[in-house]
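Engineer: Pasting a structure here, questions to come.
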Amino acid sequence: MVRHQPLQVYERQLCLSCLTGIYGCRWKRYQRSHDDTTKWECLWSFILFCTFCLLLVWFYFWLVAHNDYNEIPVPLNLHWLHKIGVTAALLTTIVGVISVSQMWGEEWDVIRMSLQATGPFLHIGALVAVTGLAWLVAGQVARAEKTRFQVLLVLIYLFVLLTLYLVPLSITSPCIMERNLLKRRPQIFGYQGAPMLAPENTALSFQRALSLNISGLEAHVTVSFDGVPFLMRDRTLRRTTNVQKVFPEQQLDDASFFNWTDLLRLNAGQWFLRDDPFWTVQSLPTKDLRQIRNQSVCSLERMLHLAVSSDSSVLLTLRRPPPDHPHHHSWINDTLDTIRLSGIPQHAVMWVEDRDRQLVRRVAPGFQQTSTKKQPAPALHQQGVSRLLLRYNQLSGQDLREFSSSNISTTVYRVNELWLYSLLWCAGVTSVSSEAPHILRKLHSPSWLMSPEQYGLIWITADLVSFALVLAIFIFQNFHMIRWRMSGMHSYNPEQIMLSAAVRRSSREVNIMKEKLIFSGKCVCEKE
């Protein structure tokens, strides 16, 4: 048994040499021991660790923020300096964090919400990683020469481990609940139709959305110069039409200053094929591509007819024309007239506009009055509001319970990812507005759901297994090193005796003798 132990130590030392070679580009056998590790090098190791952690958080942020990529005001591209080293990576990440905070600050809430969906699994993953780290920590403790360093290292590790053991006390998720308390699946509204499958706010987009058997459609309505309500989200026509080619002098004008006949001359599909806003064009069949090329601006009347034919609801957000527009004062009446003439049932219309809400209630008492302002339930009832339309991060679990008990429905936007839809389902949201209805409809139950008792059992079991493994690793590592040190004295070796006597020598010389001892042990084994 004695003869094989130096070989085992040699293999371990060879592995360590590979790691240090990768880290410092030092591959010679004794090169590692010729220079002491300075405080400056220790600082760089700390910077490397902090950079890795920050990049890990940054990567996680973009992973969960994929739901809102299309809402970024400007494209964010990493600078090429990110590629030249740790310092550049750290600086670029910090700049990115500051930029997101300035331009897209509310998006940081997505991390808080994502942790409700991934927290239990991240906890288990972190527990596995820190438990595995026990092997390195225990080995370092066994080889350390200073008792103070050993105690400090063990205390730091135990603090991190104990923190992880208690983390579940702070983890809350709506998906940790009894299954019998789960509410019905949230209804899905196609925001601007199905804009990942066809150009937004076109008849083809609404047809694609309704073919998915979703609950309804959401669109932005404005009024043309001659009083025809049509669908357009942007203030101008530049992004979604070829107005630069057809009416170059008017390309910067408000969309409402065009007559309906002029709007019908514009192509509203070619931009989709050119820009590919959701990276989906390549997956579309050739037949769809031909239809997309021939799309035009869609009127409110056309969309309402499609909704009536499929027995679907509509959620309408209105944009008032500018003050010098001929229908600046009659825009609401123009829209109401179009809705009444379409034949759509009043209960299938969700009216979002706050202006002249009392007038709308008198003319169309069956409309579902919807507000984008979060207010207490009594104030909403006083205004006749029965539904809220809010961003997904504006509602807490307590808010949802209060609104539900007051018979106020909740619709949240923009929900494009399955994990977010699953989380909102568990939370009790009534409906969601999505640009990806074809994705959300595939989810027939929450991604995960467990009772508090089940989660508690998983938590305690994981902690006990982790503690048992850590304890076993520390015992094995220390026992193994002690046994090797004791058995090493059974054979005469001058260098080993010199090493034992070199208590007062510098650490650099001691390290050199340690390596010589290890490799001399290997030679002894080979001769035997």
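Our numbering is plain: 1 for the first residue shown, then up by one each step along the chain.
Note that Cβ sites are derived from N, Cα and C of the backbone, with glycine treated the same way.
No curator has checked TrEMBL annotations; they are predicted automatically.
Just lifted these from TrEMBL, have a look:
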TRANSMEM  42-61  transmembrane segment
TRANSMEM  81-100  transmembrane segment
TRANSMEM  121-142  transmembrane segment
TRANSMEM  154-177  transmembrane segment
DOMAIN    186-444  domain 'GP-PDE'
TRANSMEM  418-436  transmembrane segment
TRANSMEM  456-476  transmembrane segment
Engineer: I'd like to know if the transmembrane segment (418-436) touches the transmembrane segment (121-142) in this structure, counting it as a touch only when three or more C-beta pairs sit under 8 Å and are separated by 6 or more positions.
Structural biologist: no
Engineer: What residues in the same chain, six or more past the boundaries of the transmembrane segment (154-177), come closer than 8 Å to it by Cβ-Cβ distance?
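Structural biologist: Distant Cβ neighbours of the transmembrane segment (154-177) are 115-117, 119-120, 123, 126-127, 130-131, 133-134, 137, 141, 397, 422-423, 426-428, 446-452, 455, 459, 463, 466-467, 470.
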Engineer: What mean pLDDT does the predicted model reach across the domain 'GP-PDE' (186-444)?
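Structural biologist: Mean model confidence (pLDDT) across the domain 'GP-PDE' (186-444) is 95.
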